[in-house]
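Novice: So TrEMBL lists the following for this protein:
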- 67-100: repeat 'TPR' (REPEAT)
- 200-233: repeat 'TPR' (REPEAT)
- 234-267: repeat 'TPR' (REPEAT)
- 323-355: repeat 'TPR' (REPEAT)
- 356-389: repeat 'TPR' (REPEAT)
- 390-423: repeat 'TPR' (REPEAT)
- 494-527: repeat 'TPR' (REPEAT)
- 528-561: repeat 'TPR' (REPEAT)
- 575-835: domain 'O-GlcNAc transferase C-terminal' (DOMAIN)
- 872-1058: domain 'O-GlcNAc transferase C-terminal' (DOMAIN)
Amino acid sequence: MQLKNAHEEYENNNIVNSQIMGLELLKHNDKDINTLILLTATYFRNEEYDESIKYCCTILKIEPNCSDAYRNLGSNYFKKCDLIKAIEAYYYAAESSYDNDCWYLFAKAIILNHPETAEFAYQSVLHYKPDLYLLRYEYANYLFSLNRMKEAENQFEMVANDKPEFSPIFNNLGCIHFKNNKENALHHYNKAVDLDPKLTVAWVNLGITYIKLKKYDDAIEVFQKASQLDPNNSTSSQYLARIYLKQENIVSAIDTYKKYLLIQPNNVEVNYELGVVYLNSLKNSIEAIKYLEKCMELNLKTKDFFINLAKTYIALEKKQCASMVYVSLGDYYIQQNDEKAKRAYTAALLIDPDNAEGHWKLGIQYFRLGLLDMAAKRYRKSIELRPNFPDVYYDSAILFEIKKLDEKAINYYKMVLQLQPDHYNAYCNLILLNQKLGRTDDIFKLNNKFLLSKNVYNLEGHIKMANIFYYNKRNLDIALLHCEKALSIDSTSPNVHIFKGNVLLELKKTGEAMTCFETAIKLDPHSIIAHTNIGSIYKNKGNFMEAINSYEIVLKLRPDFPDAYCNLIQCYQYICNWQDYDFYVGKLKDIILKQINDGQLPSIDPYHSLMYPFSSEVLRRIASTNAEKCIEKSNIEIDLIQSYKYPISLTPDGCIRVGYVSSDFGNLQLMQSIPNLHNKSKIEVFFYALSSNDDSKSWFKISSESDHFRDISKLNVVDAADQINSDGIHILINMNGYTEGARNEIFALRPAAIQVLWLGYPGTSGATFIDYLITDKICSPPEFNHYYTEKLAYMNQSVFVGDHKQLYGDLSPRTNNNYQNIPTRELKTTIIINNGVHSIKKPKPNHSILPKNFPTSMYSIRKRADGQEKFYTRSQYNLPENAIVYCNFGKLYKIDPHTFKMWITILKNVPNSVLWLLKFSEAGVENLLSIISSSNVDRSRIIFSDIELKDDHMRRIQLADIFLDTCICNGHTTCLDALWAGIPIVTLPGETFASRVSASQLTTLGCIETIALNKEQYIDIAVKFGKDKHLLENIRSKIWTLRTESKLFDCKSYAEELEIIYEDIWNKFLFGNHLDI
């Protein structure tokens, strides 16, 4: 009885009472299915879907085949937009009952989840359940919407045969026949209304058919019937009134319109038609204006409406009103037809020559058509008629800017702000104009004034100001301030949180940026930009699995989003996930080529493009597109470029001023040595740091010992370029290219007469603002010069040399003796479990003593400043004592599957060998171990070591025998490290600069016998040295000798050759000759 009462409350829409009663019943019997089903329904009606789902699941634990529970579960998931789960639940509901409604709901969920497969879903379910007439009806309507009339008719006929009493079918069949057979249409419409006399849509369609057959009296009767059935149906009233008008029964037409407006006074079409009847049929402008002005209130915007409204005002001698209507007509045309808009504004002024807004709008139209003088004339007239018209002053200021009348423009912008202090566009344009004129103080005054005006509460104003200070002024702190002000006004905008996050990223506040992106996702879970940015933060931190998860979410939301796909592929590369490598690299190439051809910025930056098998031509185009974007980002104008004056003579001391620009002075190869070796009587060196002090010894050394060290990391692009230009730099050296921390926008501003790319980036800049690339003929053969946008300044040795002689001159050869009588200790290991996988946790090497009872045949020694010795042994790094140790100490993302396959082949051919790599990511280690295991090579033959300090690393690498170079992008500094340690390098040069560096280094060293011509030879060389220890020791001995004799580690001669290049390109500049050197 109580359950029955609860159901009655539910049926009477007393949902809360029903739920309370149900919960009370549940206390007495918590497994009563009927009570639980009632509760699922009450929570569903209250939109508490999670609670409803909870009770559905409870029912299914008690009765696993309860179709009602599955059905309600599906409905809850449907409301939560989780269509996959809804489909599953509806399917189980349909399978466990004979209720066709469940199959219908199942099909609808499938169609909504995959609209592109709607037809397949309809056909599949109907094949299984052909008696689902409602679903077949919807399928027929779907076909009708695709204009597939014959197929739709067949489906409708099938429904009519199965359900002859289903009236909507006959209405729809009438619609199919309407075009070609009006009599058949009449037959079906009549059948529909016979079955259901209240089917208004069929009555209306029947009336329209009578009109087409010119049976007006029958049509009147039908529309009267439709209007009685549904007084709110405007279609029947409009058609009825139009028939009366056609029969010249004006009174009945007006009466019909007015009766309808009593019910629906805001129907714009009926108001308009009634107004036109009064205007044109009865010539009653007084009555007409009532309805036409009502249309104006209802925001009707059509050409005929504006013309009839103006005509009415003219008849009523309201010329000013008529003139403003023509202004509105011009506004209506402005996005469609400039000439028609101009004619409308001209008509407005013919009616009322003193219409200030008309003169302004006509001026805007002349401006759009490029007729600036005529526009200016109209603006002046508008201001004359209305001196306090801020919008005209604003547009006049824009016109003056274009005509280079900057002071006039400034005055007019100021007038705008005087008349309308909250005109944020005027603030923004005035700030940009003052920036262009270099009036920094005025910019900050304007910003402060903005913050004190009513604009402080203007969301759009803060967003626009944030954009200006972020993109144009590059003042990140002020941009951040405006973001925070915007969020204080409205914290619900995901886009503002994303913008703030981007600013924080540039301020190196990664944690706060992450919070912004996470907040954006809470506000908009489908924000692909927020998810992508979170992925990029994880990727940059080396958390590649988390990054992959973020990018995969993005690609579920938008499968064709190229940034997410390309970043995902980069993450795969970082962790050596090469499953379907050729497929996804092929797709990556297709995406990048399409973007380049479409003039878009590629979704892969130039540096990371070097890690994939792109051709040199594609690499050049990727770089060029990025260089063009640098120019756009700098907002460079011709007059700004020409504003820089360059020195045309040497310094008073006869020196060339060379400026080295880098974000990585603390780590960059050669920077501790080369500049200090310059001949100070020839070269005056300036350093420009793009990043702040990293507290490294290298940074301290360079900043303290150099004559001119400038930290420009906090300066915006223009100010940084100004600083460089004011220093009178003759030759400006870009040491970043497209590596992390680069600010190529500075170079795009052309602060120096000669700009050169050197050392930091192994490829072309693709930039018109870089004049020379310092390279060598191995890295950049003359026959490949068409792949470079720069002139090639060739060195007579490898461009990538090392200062190891200065930094690691005390390195001694490794020792090959057995059973050394030196202190030892026990080597302990512990086994740990990580996610269920057993692995060995090795203690950090103790270099002061050797492992106990472990005969060592090989070790390296380092003498510390205190006189103590440090020992580096194979056992400390888990390397087999008597094995051939192949190695590569580059980052894992430089390895590609084809190169790794060669390495595996080498290991197979040299049984007593191992491969020694560095551990840059746990996922990368696991993937490489899996690959080597699947290749029938024991996992123990690949050994990973942690990153160590460079001093320790230089000693431990001597424990290796042969360095296997990566092919697509060589190891540059890592190869120099290996050669200085006496290790031979096997390399296979390709076509690109990045793939030829090692060959260049080996050529300069004088050890070309390990340079392979193809993959087979690469393998043969590595195997030959691995199998013949005598041959191996000979080449190691040769390298050990050559490293101190060749130019590869001779920084002094390198500096001297650089000076010759600098002198040469300077002289060529003076004489206007920019040929390759």
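Just so you know, the numbers here start at 1 and follow the chain as drawn.
Every residue gets a Cβ built from N, Cα and C, even glycine.
Unlike curated entries, TrEMBL annotations are predicted automatically.
Each of the listed features needs to be described in terms of its position in the shown structure.
Specialist: Sorting each residue of the repeat 'TPR' (200-233) by its DSSP state yields 27 helix, 0 strand, 7 coil.
Tertiary neighbourhood of the repeat 'TPR' (234-267): same-chain residues 200, 203-204, 207-208, 211, 216, 219-220, 223-224, 226-227, 273-274, 277-278, 281-282, 298, selected by CB-CB distance under 8 Å and a gap of 6+ residues from either end.
Per DSSP, the secondary structure of the repeat 'TPR' (323-355) breaks down as 25 helix, 0 strand, 8 coil.
For the repeat 'TPR' (356-389), the model's pLDDT averages out at 93.
Summarised by DSSP class, the composition of the repeat 'TPR' (390-423) is 27 helix, 0 strand, 7 coil.
If you look at the repeat 'TPR' (494-527), the same-chain residues 6 or more away from its ends with a CB under 8 A from one of its CBs are 463, 466-467, 470, 476-477, 479-480, 483-484, 486-487, 533-534, 537, 540-541, 557.
Sorting the repeat 'TPR' (528-561) by DSSP state (H, G, I as helix; E, B as strand; all else coil) yields 28 helix, 0 strand, 6 coil.
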Novice: Should anything in the same chain at least six residues away from the repeat 'TPR' (323-355) have a Cβ under 8 Å from its Cβ atoms, list it; otherwise answer none.
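Specialist: Same-chain residues near the repeat 'TPR' (323-355) but 6 or more away: 301-303, 306-307, 309-310, 313-314, 361-362, 365-366, 368-369, 385.
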Novice: Per DSSP, what is the residue tally for the repeat 'TPR' (67-100) in helix, strand and coil?
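Specialist: Summed over the repeat 'TPR' (67-100), the classes give 27 helix, 0 strand, 7 coil.
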